[in-house]
Amino acid sequence: MGLLSDPVRRRALARLVLRLNAPLCVLSYVAGIAWFLALVFPPLTQRTYMSENAMGSTMVEEQFAGGDRARAFARDFAAHRKKSGALPVAWLERTMRSVGLEVYTQSFSRKLPFPDETHERYMVSGTNVYGILRAPRAASTESLVLTVPCGSDSTNSQAVGLLLALAAHFRGQIYWAKDIIFLVTEHDLLGTEAWLEAYHDVNVTGMQSSPLQGRAGAIQAAVALELSSDVVTSLDVAVEGLNGQLPNLDLLNLFQTFCQKGGLLCTLQGKLQPQDWTSLDGPLQGLQTLLLMVLRQASGRPHGSHGLFLRYRVEALTLRGINSFRQYKYDLVAVGKALEGMFRKLNHLLERLHQSFFLYLLPALSRFVSIGLYMPAAGFLLLVLGLKISSLHEAEVGLEEPGGVGFQGLTAGGMVVVFGDPLAPGPISKSLCALQGVGLASLVAPLLISQAMGLALYVLPVLGQHVATQHFPVAEAEAVVLTLLAIYAAGLALPHNTHRPLSCRVVSTQAPDRGWMALKLVALIYLALQLGCIALTNFSLGFLLATTMVPAAALAKPHGPRTLYAALLVLTSPAATLLGSLFLWRELQEAPLSLAEGWQLFLAALAQGVLEHHTYGALLFPLLSLGLYPCWLLFWNVLFWK
C-alpha cells in the first residue's frame, strides 16, 4: 500500500508503466492466451468429484428390463405420428393413462417475428402432453422431470418409447419421495418454453398457452432425452443452456457415474474422453473438447431442451444417443438402467443441488476447470485495456513539474484542473495557462451517433422486414439478414460525420491529438466494462470477444499504417468474430467448411440469433448490437479521426 499512497513512488510507477506500456501490453496478452491453453494441463484441470452427500454412492439396484416394451411403444408412436402428421396426442394420453399416470395436455401457439426457414415455421401451434407419477411416500412438494422434445423434423420415437416404458416401470416402485413428470413436447424448444412458462405462471416470451390443469411439486432436476434408433453406440451429454448457463456439476457427475457403472460409453461434445493425461495427447484432445464447449457456450443458444429449464433454476441436461463409434453397441435397456439410477439418486435429494460448481469448463467428462482457475485468462486480456487506459490518461493530461508535480484532470465543462503535489511550492493556477483540455461536448456526437447505429441495428431489421419485402424480391428472413448487414456496413461511413473540430482556448502542439485520445479513452473504458461484465456471467463469450477485440482496440490510432489498422479492426469486429467462430467450430468437429458454405452458415446464424432473442430471450444479439457494435464504431472513429 505504501507504493500507491506515497506520491513520489506513485509517480515513479506511472512513469514506468508509461515507458514500458507496449511491452507490458504484449506480455499481458500473451499471458492470457497461454493461461487459457494451459487450462487442459494438470494441476489447472482437476478430476471431477461428487460434492452432494445424498448422491455420493451408486449403490442402487437398477431393475429396468423393459427394452421390448419400449421398442413396441416406439413403433406405435411412429405409426400414429406418421398417420396424423403431428404429435399423436390422443394416443399419448391413452397410453400414459394405461401405465397409471395422471395425464394432462396443454395447447400453445406462437407467432414468430419472422419465418424460421431452418425449421420451416412461422405460425406455430401445438400440444404438449405430460403425465404425473405421484410420490407414494411424500406430499407433492418436489418433483423431477423426464422430457422428450418432438420436432417436426426430428425422429425421436425411441426416446418416447423409452419414456413410456420407464413410466410403467417407475409406477410399480414404492420408494419415490418426489413426483415424477413425464413430458412430451411438440415443436422442440417452443413446446418446452410454453410448458415451463405455464408451470411457473410467468410469460417472458409472449407465448400464448392454456393454463396447466395439473401440477406437481417444485422441480428439482430435469433430464431431456433424444434417441434416434433402438441401438446407440454412445450417449453424448449437452450442458450448455440459454445465455451460457450451466447445470450444477454434480448432475453431470451423476450421469458419468452411472454410465461407468453400466459400461455405457459417454461422450462430451461428441468426443471420447482422453485416457492418458500424463502425455501430450491427452491435453491436446482435451483442448479440442474445451474449445468446442467455449464456442457453444459463447453462442448463448440452448443446446437442447434442458437449456430452458436452467432459466428457472432447475438443474438439467440433455442426453443424446449417437452412432459415431461403431465398435460399441447398447440397447434401450442399458440406457433405461442409467436413467433409472439417476432418478433414484435424485430422489434422495433433501435440497436443491448447490454444493458443487455452477461456473466451470470441461476439457473432458472426468475433468473440470473451476472459475477461480480460468478467470485469470480473461483478467490478463483485460489488463491490456487497463494499461492502455492508464497510458492514454497520462499522455493526455500529462505530468507537470514546475518545481513540483501537478496532475491534470478533465472536468465536465472542458476546463483543466491540476491537482498539485501538496509538497510542491507555488499556486496551481500558474499551470492552468499552460495546459489545454478537451471539452466533453466534442465527444457527444460520435458517442450518440454510434449508439444510434446500434439501436438501429437492433430495432430496424425486424420492424422493417415488411417494407423490404414490398420493395425487393426477398423473403422476410432474407430481408432481416440483409438489413442487418446493410446497417452494419453503413457504420463504416460514420467517421466522416461524427466528429467536429475542437474548440480550444489555448493553442498547443498537443491539440490535434487531444480529440482522438479522449475518444479512445472513453472507448477503452466502455469496452473494458462490457467485457468484464460479460466474462463474469459468460466467460466463454467474454474471453472470445476479448481475444479478438483487445489487440485492435489497443492499436487503433489515426497515425501510422492506417490501412493495416483498418483491416485489423474489420477482421476483429463482432461480425467477423462470429464468422471465424463458425469456421473454427466446424474445423474442431472435423467437418471443415468451404468459403461459400461458411457464408451461408453465417447468414443462417444471423437469422437464428435474432429469432432466438425474440423467441426465447437469448441475449447475444442485443449484447452485440446495443453494446459491442457501438463500442467498435468508436474505435473506427478514432482510426479515421481528422
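Every residue number used here counts from 1 along the chain in the order it is shown.
Note: Cβ is positioned from N, Cα and C throughout, glycine not excepted.
Features reported for this protein in TrEMBL:
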- 20-41: transmembrane segment (TRANSMEM)
- 357-385: transmembrane segment (TRANSMEM)
- 405-425: transmembrane segment (TRANSMEM)
- 437-459: transmembrane segment (TRANSMEM)
- 479-497: transmembrane segment (TRANSMEM)
- 518-544: transmembrane segment (TRANSMEM)
- 564-585: transmembrane segment (TRANSMEM)
- 617-640: transmembrane segment (TRANSMEM)
Quick one: find which recorded stretch in 518-544, 564-585, 617-640 has the most Cβ pairs under 8 Å with the transmembrane segment (479-497).
617-640
Contacting positions for the transmembrane segment (518-544) when only residues 6+ beyond its ends and CB under 8 Å are counted:
36, 243-244, 293-295, 297-298, 300, 359, 361, 371, 374-375, 377-378, 381-382, 385-386, 388-389, 392-393, 396, 410, 438, 442-443, 446-447, 499, 550, 553, 556-557, 577, 581, 620, 623, 627-628, 631, 634-635, 637-638, 641
Counting only residues 6+ away from its ends, which parts of the chain sit with a Cβ under 8 Å from the transmembrane segment (617-640)?
204-205, 242-243, 299-302, 311, 446-447, 450-451, 453-455, 457-458, 488, 491-492, 494-496, 498-499, 516, 519-520, 522-523, 526-527, 530, 534, 541, 545, 549, 552-553, 556-558, 562, 565-566, 569, 573-574, 609-610
